Amino acid sequence: MGGVLWCTTVLLGVLLLNSALFVNGGSTSSFVRKVEKTIDMPLESDVFRTPPGYNAPQQVHITQGDQVGKAVIVSWVTMDEPGSNTVSYWAQNSKTKRKAEGFLTTYRFYNYSSGFIHHCNISHLQYNTKYYYEVGIGHTPRTFSFTTPPEVGPDVPYTFGLIGDLGQSYDSNITLTHYEMNPTKGQTVLFLGDISYADQYPNHDNRRWDTWGRFAERSTAYQPWIWTVGNHEIDFAPEIGENEPFKPYNHRYQVPYKSSQSTSPFWYSIKRASAHIIVLASYSAYGKYTPQYKWLEKEFPKVNRTETPWLIVLMHSPWYNSYNYHYMEGETMRVMYESWFVKYKVDVVFAGHVHAYERSERVSNIAYNIVNGICQPVKDQSAPVYITIGDGGNLEGLATNMTEPQPEYSAFREASFGHATFDIKNRTHAYYAWHRNQDGYAVTADTMWFLNRYWKLEEESTST
Ligand SMILES: *[C@@H]1O[C@H](CO)[C@@H](O)[C@H](O)[C@H]1NC(C)=O
Ligand SMILES: *[C@@H]1O[C@H](CO)[C@@H](O)[C@H](O)[C@H]1NC(C)=O
Ligand SMILES: *[C@@H]1O[C@H](CO)[C@@H](O)[C@H](O)[C@H]1NC(C)=O
Ligand SMILES: *[C@@H]1O[C@H](CO)[C@@H](O)[C@H](O)[C@H]1NC(C)=O
Ligand SMILES: *[C@@H]1O[C@H](CO)[C@@H](O)[C@H](O)[C@H]1NC(C)=O
Ligand SMILES: *[C@@H]1O[C@H](CO)[C@@H](O)[C@H](O)[C@H]1NC(C)=O
Ligand SMILES: [Fe+2]
């Protein structure tokens, strides 16, 4: 495909009809990107190199280990033998080395046998402190570092990075590089699901989980990535008797779900600095009476906006998506949960899945019931902004086909790869910026000052 039809759609007719609802129409970016096939980096690429040394730990990654950010789960893989489960760690300004003991897991999938996958929760850390940690003790130790977040509190500044549907193509590498080079300096990644895309390979070639782990290590070993599951993590194959969904993912990635009284790693919450982050599962049951429903029903009332003003929800499949890809896939979950999102004034919802970028107005569509027929999204200042950021750059390529005309609730959309940052300044203000990969590291392509829905329920202005 040599070119894509790009339209700037400011739909005057529709605008006039609905001017009571929407003063500003949405815009489709006129940025023209040359669409090339997105291809995975070959197995022998520099970013996939195994670290030298016998049984050297690889694919090192960390995530938050508890509800408040005083624990970190460290994970790594050794290939030659099980090796040690121990993590040695010490604060930057301290000579005292502590040790924590983790556990080991392995799995088989098709004809693939995993390496030795280690997970270790290190806890009772001090807030706002740089720690070094060492894994691979006994054979080839490797040392990394991370900084714990400040204590949970209402005016703590904190910067989250947003990356979705990353995969391991050349574009994925560019996305990760841009995230690393972004002068805004994200401190923690909120990952929106679809990690390695190993399931796109014959026999779900699980070596592609290993290559992904080695590729992303340069970020995942140094700052927590908060995991949301996507459809490419489901990764099951009943035709060969692999009936357990999420098997490779479950062995490789751990999340602190028990700390938020969840019964499943696919939905959970954490608090970090001034944010309360709820992670939902698009691919687990969410209907009434299901475990996820019951958990979320209890979770929302627990959110304390005096302690954590910012309420952020992550999910894979977007509810408000105006691309002709995965269209309406998020609809059934929206029907179940949207009224809670409005009632509890969620600030922003980040989703992935659609390989493009889109930001909505603050809208809700919750008036409908089976007899009244009222089913239009309406402007609603208590509603979240919905952002689709499935544009990490995986091998499936960009989603370029958009519904026309652009619906009015869609504030901005563009089919480009990129990442975003959500930079919390204090309890009332957060600066959000989306960066497309074609621009310089500091260039923003879509920005918005978020005003907190609990502390400053005023209409925001945006610029693109
Ligand atoms: C798994 O099977 C594929 C296809 O038959 C083959 O190419 C690959 O080498 C096998 N891998 C292992 C680890 O046996
Ligand atoms: C990936 O990006 C890094 C950092 O920009 C670069 O050093 C490396 O050569 C890239 N690798 C590939 C295969 O594109
Ligand atoms: C990690 O340890 C802390 C402190 O004991 C605990 O609260 C948390 O639940 C643990 N996390 C995991 C994933 O085991
Ligand atoms: C909410 O958090 C604030 C600040 O930490 C605290 O003083 C208050 O007691 C909490 N409210 C509830 C209902 O727990
Ligand atoms: C875009 O998607 C629509 C709806 O699925 C389809 O009818 C149309 O052919 C697609 N256009 C292109 C250029 O692929
Ligand atoms: C919160 O941050 C915004 C943006 O930096 C600033 O304009 C505002 O004055 C801050 N509010 C307080 C109370 O400091
Ligand atoms: Fe997806």
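Each residue, glycine too, has its Cβ placed from N, Cα and C.
What TrEMBL says about a protein is an automatic prediction, not a curated fact.
If you look up TrEMBL, you'll see 1-25 marked as signal peptide.
Per-class residue totals from DSSP over the domain 'Purple acid phosphatase N-terminal' (57-148), listed helix then strand then coil: 0 helix, 50 strand, 42 coil. Summarising the annotation, TrEMBL assigns domain 'Purple acid phosphatase N-terminal' to 57-148.
Taken from TrEMBL, the feature domain 'Calcineurin-like phosphoesterase' applies to 159-357. On the 0 to 100 pLDDT scale, the domain 'Calcineurin-like phosphoesterase' (159-357) averages 98 in this prediction.
Feature annotation from TrEMBL assigns domain 'Purple acid phosphatase C-terminal' to 383-442.
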DSSP-derived helix, strand and coil totals, residue by residue, for the domain 'Purple acid phosphatase C-terminal' (383-442): 0 helix, 26 strand, 34 coil
